[in-house]
Structures are given as structure tokens and as C-alpha cells.
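For reference, TrEMBL has these:
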TRANSMEM  6-24  transmembrane segment
TRANSMEM  72-97  transmembrane segment
TRANSMEM  152-169  transmembrane segment
DOMAIN    155-501  domain 'Peptidase M50'
TRANSMEM  181-199  transmembrane segment
TRANSMEM  219-241  transmembrane segment
TRANSMEM  450-478  transmembrane segment
TRANSMEM  498-524  transmembrane segment
Amino acid sequence: MLPTTFLAVILACWSIFHLLHNFVTGNEYLGPICDRFLKKRSIFVTPFQVRYFTKKLNRYLAHFGRWRKLKVWFDAGILFAALAMLSSTILLIHTLVKSFLDLNIFTTTPAVPSSQTPGFSTNILSPYNITTMYMQVLTVIVPGVNLPLNDLSYLLTAILLSGILHELGHAVAATREGIEVNGFGIFLFVIYPGAYVDLNSTDLNRANARKQLRVYCAGVWHNFILCLIACVLIFSLPFMLAPFYSQGGEGVIVTYQAQNSPLQGSSGIMVGDVVQHIGNCHVQESKTWFKCVNESRTLPQMGSCIKWNELEKLTLKSSAGTLSDGHPDCCGVNPPPTHLCYHYKVSQKKQMFACLPGRTMMSFKDCTNNVDCGRHDQAVGVEGICAFPLLGDTTTRFMRLKILRYPNLPAQHVLYLGEPADLVRFLTISEYRPRWWWLPLRLPAVLLKFLQYMFSMSGALAVLNIVPCYALDGQWAFKSFLDFFYGRHPDLDNFKERVSTVVLCCGTLLVTLNVIFGFLNVFIK
């Protein structure tokens, strides 16, 4: 789905929702019923937003907030926030400079060679594009542009859980410091979910600087802890799944195939197949899978050794060597689906063509030239030559994939004529092979991707929210840090206010420029 189509669908859904809401609430009979229903459940509807507010969690928060050891816990959060405020600001400055340089404003970007597949570079075919994604610590995410729409559910779930834990941190810290919690809520804005907590502002303002810091810093502190937990679970996932899934150097299993995949069919790839080889490249795990796909794209097409007598026997006689409009058309107008046009050299200048069965040719020895096939003197009539499939362009390859479909049967070969990048475009693979048939194939991949998004989103909240910027936690935390270090003396109020204004304006400008240049990088590239 194109980004514009996705945006149109979102706008259409909200428009329909608001039309129905206005129709129901404006109805003479249904309006009062709907209003009572929404007010009773504290549900509020505004343009492109739905909010839910509740006080039911207050007693649980009050009970949990009585735990005495929470004081040490939230003091650790203050220390983390102090370090994170400085490091996050430095990180944003670094990200801004990098984003500005990545725009290539003062340099001319060379055109992409026609031999490359648009959208795929020689090293971009890697799991979740790790090389590109994780070198950019902070990046703007636009669904459908630099985020696959298939991953949108992971992103939104991670944002919601990270936001809930963030706000619960504020609420528990406030309860611990004797600040009244009016209630807790969640919301949906356009497509992004979130959470919020309503604290008694009078109690919060009366609290001393240290208590305020415990409240303001609790959110990012909890996000940091969640980020660490997700990181630990990512690295321990193979051990946790070991009793249920095997993970070894025996290939990767296909867990999903797109409906429009050119690789499917009775003699093609099926979900559940274990891919062990791509050509002569041995696939052991995800890294070698992407390495083998990249090698198939970058290395030249391999040929097949065939003896002269076998060449004469296998060649489709009725159309061998014919030409059409200057292009080789050695298989005729209606070629058999099992045959391909091959070309081979009998001398340095003389090139010949033959229509040969592809599966039979792929069963022969691989070669790069006639020397690999031994003697190739046509006059003597011994040994053979190296024949190459005629592919028509530089991106297409004729590939042999060795797969294991049934555990108790020998491996079989699947032949594919097309772009090697199709293996990544249309297939989803996993290193984990279920030990029993009833275990879901995609469960390990789903868990891994969810944990990766939890790590990214919770880490982003911990880094970004503590920056001294208006409308972020860093705004209030920075002011409380000033009160903590300088005290609440009337003589210093003007000084602290000036320092706070300058720092917050600079922080807001820094965040704003990061967002602007982030969007420019996403859409320009």
C-alpha cells in the first residue's frame, strides 16, 4: 500500500467515525443515551482523538506507593535522568549534524547505475536493515515510507506499552511522595496510542525539589528499565525457545510468503520449506541467508558444463540458434516451459545459442568458462563447454535453491528465474525450526520483532523525553534541578528563570530541527 493510500484510508476511517458520532449524538432519541454512556465511562471524543479516563487504579497505586524501598528506586531514577539529560542533548546535536550532512545539499549525488535494482544496494539486504537502522539512533518514523505497514502493529503496541509504563511511573512516584493522583487515562490520536496521568497540581507545586524530581524523572527511568529488559530478552530468546524450537546451521525456514510472490507454485517455494543452499552458497542462519542473496545479486551468472554429445542430444532442434530482430530467440515462438535459451563460445569470437532444458542443465557441474569443463575442441569432439542461460538483463539470475520439505525425505531443488532480491521481497525466514508440527512457525520471529520494537520505542522515550524542551518531562525536570541545586530563594528566582528560559528555548529548537531534518531525510531519500 502506498503512503498516500494509507493516509487516505486513515482520513476516511476518521471521517466516517466522526460522521456516525455526530449523527448519533445529534439524534433526538439516541443522543441522550450516547451522552450518558460516554460520560459514565469517561470516554471523550474530539477531532482525530478518543480518550478514556479512569480513577479505578488510584487505590492500587496508593497501595503500591506505600512500599518504602521505592524511595531508593526513584532516587536512582533522578541520577539516571541527570546523566540522560546531558547525554541525550549531546546525542541530539550529533543526530542533527548527521541528518544535515546526509541531505547532501552541497554535493551531487551520483545516479544509480541501471544494473542495480531500485531500492536495493549491495549491502541493504540484511535482517531488518540493521546496518542502516541501528546506526541512526534517533530517526523519524513514517509508516509506509521508512516503516513497513506490516510492522505497524508492532510499533503501535510498543508505543502504547511504553507510554503506559511511563505514566504509571509518574503516578506511583507521585503517590509515594503524597501527591494526589486524580486519575489515569489512555488515548488514540490519529493512529498513535498513548497514556497520561492527571496529578494534583497544587500538591505537586508544594512538594520540595527532590520530591518533584522523583515524580518528573520516574517516567524516563521506567522506560530505561523496560529498554534493558527488552534487550536482555532479545539476547536470551534463543535459550528460552530452545525446548520448543531448534536453532542450528541447517538452513532457514520460510515462515511467510506474500500472495503475489513469483516464487510460489507446485514446483516453487512453500511455507515451511527449509532453505539450505542458494546456488553454491551454504545457508546456515539469517546472516548467511542475506549474504547468499547478496552474492547472487553481485556475482555473475554461473554456467553449466555440458559435453558436446549431450549438447546435441538435449538441444531443441526445431529452433536452435535462430535469431529474431537481432536478438537471440533460440527457443522459438512457443517454447516449452522447461527450456531456456543458452549461449556458449566455441572460440574467442564465435558465440552460439541452443535451447536446452533448464532443470537438466542445472544438475550439471557449475562453471565460469570453458576451462572449468576440461577440453572443449569441437573438432576433437571430447569433453564439453560452459553454457550460460541468456537472461536478457543484468539483474535477473537463474538460481538453484536446495530445500528440505519433508524431514524424512532427501532435499530437493527449486529453480527460479528472476531477481535474487525477490527472495527478500516476498519471503520471510526464521532460524528457528519447530520441534513439533503444532508449534507456530512465525512465533519466534514475532517475539523477536516485538522485543526489538519495545527496545527501540522505550529507549526513544527515555532519550527524547528528558531533553530540556517545552512540553516534555525535561522541561519540569530541569526547573526542579535548578531548585534542587540553588534552593528556592526569592533572590535567585530571576536568575533561575532566565537560565531556564534560555536552556528550554535551545532544547526546543534542537528537538524541532531534529524533527524537521529527520522528515527531510526520509522524504528526500
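Cβ atoms are placed via backbone N, Cα and C, with glycine included.
Residues 89, 92-93, 95-96, 99-100, 102-103, 138-140, 142, 145-146, 464, 467-470, 472, 474-475, 478-479, 482 of the same chain lie 6+ residues outside the transmembrane segment (498-524) yet bring a C-beta within less than 8 angstroms of a C-beta in it. The stretch from 72-97, 152-169, 181-199, 219-241, 450-478 that makes the most Cβ contacts under 8 Å with the transmembrane segment (6-24) is 181-199. Panel annotation: around the transmembrane segment (219-241), residues 74, 76-77, 80-81, 84, 161-162, 165-170, 247, 432, 444, 447-448, 451-452, 454-455, 458-459, 461-462, 465-466, 473 of the same chain, lying at least six beyond its termini, place a Cβ under 8 Å from a Cβ of the stretch. Within the chain, the transmembrane segment (72-97) has long-range Cβ neighbours (under 8 A, six or more residues past its boundaries) at 136-138, 169, 173, 176, 210, 213-214, 216-218, 220-222, 224, 462-464, 466-468, 474, 477-478, 481, 507, 510-511, 513-514, 517.
Counting same-chain residues at least six beyond the ends of the transmembrane segment (181-199), those with a Cβ under 8 angstroms from any Cβ of the stretch are 10, 14, 42, 48-55, 57-58, 61-62, 143, 152, 156, 159-160, 163-164, 166-168, 170-171, 174-175, 215.
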